Every structure is written in structure tokens, then in C-alpha cells.
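All remarks here apply to the structure that follows.
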Amino acid sequence: MSKRDYYEVLGVGRDASEREIKKAYKRLAMKFHPDRNPGDKAAEASFKEVKEAYEILTDANKKAAYDQFGHAGVDPNRGGGGGYGGAGDFGDIFGDVFGDIFGGGRRGGGQRQAARGSDLRYNLELSLEEAVKGLTKELRIPTLASCDVCDGSGAKKGTSATTCTTCHGQGQVQMRQGFFTVQQPCPTCHGRGKIIKDPCAKCHGDGRVEKTKTLSVKIPAGVDTGDRIRLAGEGEAGEFGAPAGDLYVQVSVREHAIFVRDGNNLYCEVPISFSKAALGGEIEVPTLDGKVSLKIPAETQTGRMFRLRGKGVKSVRSHAVGDLLCKVVMETPVNLNERQKELLREFEATLTGESKKHSPKAEGFFDGVKKFFQDLNS
């Protein structure tokens, strides 16, 4: 009997995407799966047909051969084509799509792979100076390391683990529950796939031991709160020789007494005297590289921002350097003696009648207030 067209089997068009093909396969495989149709030979045949169509149409090379030559292009008994090897066992492809729903994973597959080591996270707090300039930090990391007595095998020196005879190295066993077959960790080997008859005395068969290791970690200049540094292979050791996990260093930067950071720019407030603001002059302002001089123009108002280019932070991701922005805040003099108070009174008296000239903002404000109340009463 001639085979049906694979696209027809799945109920999709020839221009169907891989996602549409997979969706159709899921629906039909669920419908015809033998675990849902026990003893139904027709359903079993339909499942094999659906599975075969899915295998061909989701393999780029086989699909191309099928689209060009039809079934002949994927017939292993013919000279050309993609060498398709038949429908095989139910579980091979079904497990890829449904996982453990029916316990149909790779029944004919290899032994369970040892698990990769867990990733670790280390929270590192830096001062602003450390974050901006970069440094090398010595970190002490509590972790699980490969046992140095058994070299991570978990078995006593001179012995080795044997394949579990219950699960045959799979690490899982199948249990039937009604119409369904589910997979559970093997109760004999506890999901490992191997049995250690003579465990290592140091690690007690685990292959790993608790250890605190010291790492020298280079922190690049310009890091900021939220940045993360990945150290490949510095996490926990894997099970029985499997690859180690990674270590992630999570950076946070403490608040600074003077500077506030925003991206690559730094901000600070610089107090200046009343006379300096009025007459102008030079003041010293702090930077992360030391003090620098800043020229204050005469008649500078409080809150004015001055930009010192290139005095900010060098970006950790580029060569760009931010700026330092200094906000001047005029400080009202306190603890005045009588002579100083008298001088200020004399100065205030000289401003009488000339407020618009000397304090235009204040005069404008009070004019606005006066007009506001006049409008209320009108």
C-alpha cells in the first residue's frame, strides 16, 4: 500500500512553518498515542504514521529531499535521498515534544548524564572610589568542590560505580497510572543511574565536599550597582565529574558622603559664601582625583550648576568619560558678631529704592504676590 503524503498525514499545508508542524503533531500524537488507546491497532498504526511524518518534516535535509523527490527521497532502500531509518520506538520523538507526560522519553537512549554544578552568587559591596577606579578583590567563596580523594567519582579509591540494574543507568523508572505512564526517580539509585557499593570515606559517595576557596577577582573600572561579573567554572563542582557551575559577582556601590552618581556623571553640592557669590572669585571643589579650582563669576545665584568635563566616571563598556556637575549653594552666614551685623545693616540700607536693580527676582516675586492679592480683592 502506498504511503500517504506527510503533509496530509499531519493536516498542514506544504508552506507550513516548523511551529505549525509541531503543533499539529502534538495534537495527533496525543490523539493516537498507544497509552491512550491500549490494544487499538489502528490507533497504533496512525501514531507511527504521524510520528514518521513529523520526523521527516522537522529535519531540514530530509524535508528538502521529500519536497523534491517525495517518499523516494527519504526511502533508505533507494540510492539517493536522506537515509530515513523508519519509525523506530514510540518514545524517541514523542519524548522530545511531551517530556514525561506519558513517560515516553528516550527509552532506547543512553545513561543519565551527571548534573552540572550549581551557579553561585556573591554580593560584593564597593566604595564609589573602588567602583570608579577598579581594583582586584580577594573573595572567599563557600562552595562544593570535587573530592580530592576519589577525584569526584564518589567511589572508594581503587573501585568504581556500577550501572544500576533497576533503571539500567537511566536514573528513572516508568510507572503506569491508568491510561498514562509517568517517569519517577529510580528508588534504587535515587535518580543517579549508578550504584556506589564502596563509597569514598571523605565525601561519603557524593563526589563533592564542602570547601571555602579564595579567588582573586579583577573588578573593572567604571562598574556600578546592578552590574554582574561572570566567572565561568567557578561555581559548585558538578556531579561525578560533570562541568562546574559559574560564579556571578553582583556589584553594589555604597552611598558617598560627597558625590552622587548618575550613569557616568557625578554630582555634588558646593557651599559658597554670600560675598563670594556676589563678588565672584575662585573656590576649590573636590573630585575623585583631588581638588581643582573653579571660577565663580560675580553675581552667581544659588543653585547654579557648573560642569567640569572629564571629571566623572569612565564607562566600563566604552572609552567615554562622564562629567562632574557642581551645584553651588549660597550659605547664609551664622554666629555673626555685632560689627558684622552692623555692616550688613548698612549694606541693606544702601539697597533701599533699588531692589529691582539688585534683586530682580525677589522684586518680581513680590510684584507678583501684590498683583495676586489685588486680583482676589477686585
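If you go along the chain as it appears here, the first residue is 1 and each next one adds 1.
Every residue, even glycine, has its Cβ placed from backbone N, Cα and C.
Annotation source Swiss-Prot lists Zn(2+) 1 binding site at C147, C150, C200, C203. According to its DSSP assignment, C150 (Zn(2+) 1 binding site) is coil.
In the three-state DSSP reading, C186 (Zn(2+) 2 binding site) counts as coil. The Zn(2+) 2 binding site annotation in Swiss-Prot covers C164, C167, C186, C189.
Regional average pLDDT for the domain 'J' (5-70) in the model is 85. Here Swiss-Prot flags 5-70 as domain 'J', drawing on sequence analysis.
Here the repeat 'CXXCXGXG motif' (147-154) has long-range neighbours at 160-161, 196, 199-203, 205-209, 237, 240-241, meaning same-chain residues at least 6 beyond its ends whose C-beta is under 8 angstroms from one of its own. The annotation repeat 'CXXCXGXG motif' is assigned in Swiss-Prot to 147-154 (among others).
Summarising the annotation, Swiss-Prot assigns repeat 'CXXCXGXG motif' to 164-171 (among others).
Annotation source Swiss-Prot lists repeat 'CXXCXGXG motif' at 186-193 (among others).
According to Swiss-Prot, the feature repeat 'CXXCXGXG motif' maps to 200-207 (among others). If you look at the repeat 'CXXCXGXG motif' (200-207), the same-chain residues 6 or more away from its ends with a CB under 8 A from one of its CBs are 146-150, 152-157, 237, 239-241.
Residues of the zinc finger (134-212) grouped by DSSP class, helix first, strand second and coil last, total 0 helix, 35 strand, 44 coil. Under the heading zinc finger, Swiss-Prot lists 134-212, citing sequence analysis as support.
Take the mean position of the Cβ atoms of C164, C167, C186, C189, the recorded Zn(2+) 2 site; other residues of that chain with a Cβ within 8 Å of it are T165, T166, H168, G169, Q170, G171, Q172, V173, P187, T188, H190, G191, R192, G193, K194, I195.
Comparing Cα positions, C147 (Zn(2+) 1 binding site) lies closest to C189 out of the binding-site residues C167, C186, C189.
Within 8 Å of the Cβ centroid of the Zn(2+) 1 site, not counting the listed residues C147, C150, C200, C203, the chain contributes D148, V149, D151, G152, S153, G154, A155, P199, A201, K202, H204, G205, D206, G207, R208, V209.
For C203 (Zn(2+) 1 binding site) paired with C186 (Zn(2+) 2 binding site), the C-alpha to C-alpha distance reads 22 Å. The residues of the domain 'J' (5-70), classed with DSSP into helix (H, G, I), strand (E, B) and coil, number 48 helix, 0 strand, 18 coil. Cβ neighbour count for C189 (Zn(2+) 2 binding site) (all protein chains, 10 Å cutoff from its Cβ): 24.
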